[in-house]
Every structure is written in structure tokens, then in C-alpha cells.
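These notes are about the structure you will find just below.
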Amino acid sequence: MAWKSSVIMQMGRFLLLVILFLPREMTSSVLTVNGKTENYILDTTPGSQASLICAVQNHTREEELLWYREEGRVDLKSGNKINSSSVCVSSISENDNGISFTCRLGRDQSVSVSVVLNVTFPPLLSGNDFQTVEEGSNVKLVCNVKANPQAQMMWYKNSSLLDLEKSRHQIQQTSESFQLSITKVEKPDNGTYSCIAKSSLKTESLDFHLIVKDKTVGVPIEPIIAACVVIFLTLCFGLIARRKKIMKLCMKDKDPHSETAL
């Protein structure tokens, strides 16, 4: 009996070691999205749709699945949650570029697979295409741009590459805009400025019409105010002097009558 007990204990230890060293994939649930177990990027285009199917593998019980769009949870129908779940992303637009969809295991949300949309589209340009400014003032031409892949940006003037003057021209570029600043505009700055965006998909352009008008000669307010004050004071002094003169004449007219009465 002692020998049998020893054999049973050794077999139990062996089985315990086997279980401990089994690969995790064989003992825990694994998620797949469209057959992929790792996060991945899905290439797509505007106007298309994408179907994302999440499934749980190696499960020993029914598993609830959750879908998230960025940080917001997606509402799923009751029959679209257990062991397998799908979402359809329809009418994909340029604004969906970079958006992530994540499938998570309900009981352990650290188990997840994410899909990031890579929406490719040619450059889209917009901006205030007509500006009138006074000579000597500053102006900014802002070309709003959206593109994926990112476009190479340039400024043209009257169909030729703009010759930048370091002292007067400044270019600023962000992921969403391409800006040309001109300080102290001059009459030769008149013309059509073109915002050019070149990508591997297409080249687009947007024209900005700049009109430089003569500088308005402002009427100096201070001299006018000073002149009005002088005129006002002159009139006041004139009235005072005239009043004194009238009073003297009245006094002279009054004196002869007084002597006659005596």
C-alpha cells in the first residue's frame, strides 16, 4: 500500500507540473478580429464600408464580447455579444482616419484586439480665397489642408514658385494648415497666390486673390480739435469785448440826460 501511495503522489506531482507549464494559449481565451490575434491597421477609402468580426477562441464557457469606438462603447444587439460579435463601419469618411475599434473580453477587458482605420484620400483644400488690404498692412493667407498620405505643400504666385523674402515672408505649416504671412504689403504683392498640395494620390491647388489698395490718408483729429478750441475761445473773447463796448456806449448815452435833469 505504501508503494502504491508513493506512485500516486509522484503521478500527481507530474500532472501538476504539466498543467503549470502548459502554454497560456491552451488554458486561456484568445480573441481574434477578422482572424488576427494582434492589433492591426485596416486600409480603406472614403465611401467604403468595413466589417469587423470578433471571435473568442479556446473558451470553456460562453464569453460576452464588448466593442469600443475610441473610448465610447458600441451598443450591440443581444444576439451579437456571445462568443462572436461583429460591427459594420459604413459610409467611411476622411474624418474616420485614425479611428480605432477595439473588441474586449467582457470578464477580462485586458484581453483585447484593436483595429485602426487608415483612410487614404487625396488633398482637400479650403480657405478665404479673396482678400483686400491696404498698402503697409500685414496679411495672412491660410490654406486649410487635409490629406492622407500627407501632402507636400508649396506656394505659387501668378503660376510661378513664390520667391520668398526672408524679411517679409513667413511660412507656417501644421497637420491641418499651410499659412503664408506677408508683412507690410506693397503694391507689387498684388496677384494670385496658389496653395499647391502634392500627394501620391493627386495634386490639388487653391487660388488666393490678394488686392493691395492705396493707403487711406487719415484726417488728423488733434489739429481739428485744437482749431475748434481756438475758434471757440476767439468767439468768446470777441463776445466779451463787444459786450464791454456796448456797455460803454450805453453809459455815454445815459450821462447827457443826467446833466439836463440837474
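Note: Cβ is positioned from N, Cα and C throughout, glycine not excepted.
Annotated features in Swiss-Prot:
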DISULFID  Cys54-Cys103  disulfide bond
DISULFID  Cys143-Cys195  disulfide bond
DOMAIN    30-114  domain 'Ig-like C2-type 1'
DOMAIN    122-207  domain 'Ig-like C2-type 2'
CARBOHYD  Asn58  N-linked glycosylation site
CARBOHYD  Asn83  N-linked glycosylation site
CARBOHYD  Asn118  N-linked glycosylation site
CARBOHYD  Asn158  N-linked glycosylation site
CARBOHYD  Asn190  N-linked glycosylation site
SIGNAL    1-29  signal peptide
TOPO_DOM  30-220  topological domain 'Extracellular'
TOPO_DOM  242-262  topological domain 'Cytoplasmic'
TRANSMEM  221-241  transmembrane segment
**Item:** Rounded inter-Cα distance in Å - Asn118 (N-linked glycosylation site), Cys103 (disulfide bond)
**Value:** 18
**Request:** Express the distance between the Cα positions of Asn190 (N-linked glycosylation site) and Cys143 (disulfide bond) as a whole number of Å.
**Result:** 18
**Asked** Is any of the recorded positions Cys54, Cys103, Cys143, Asn158, Cys195 within 10 Å of Asn83 (N-linked glycosylation site) (Cα-Cα), and if so, which, in sequence order?
**Response** Cys54
**Request:** Would you identify the secondary structure of Asn118 (N-linked glycosylation site) according to DSSP, in three states?
**Result:** strand
**Item:** Under 8 Å by Cβ from Cys54 (disulfide bond), same chain, sequence gap 6 or more
**Value:** Leu31, Thr32, Val33, Leu65, Trp67, Ser84, Ser85, Ser86, Cys103, Val113
**Item:** Proximal residue to Asn158 (N-linked glycosylation site) among recorded positions Asn58, Cys143, Cys195 (C-alpha distance)
**Value:** Cys195
**Request:** Can you check which residues sit near Cys143 (disulfide bond), meaning Cβ under 8 Å from its Cβ, same chain, 6 or more apart in sequence, and list them in order?
**Result:** Leu125, Ser126, Gly127, Met153, Ser177, Phe178, Gln179, Leu180, Cys195, Leu206, Phe208
**Request:** Tally every other Cβ atom lying within 10 Å of the Cβ atom of Asn83 (N-linked glycosylation site).
**Result:** 15
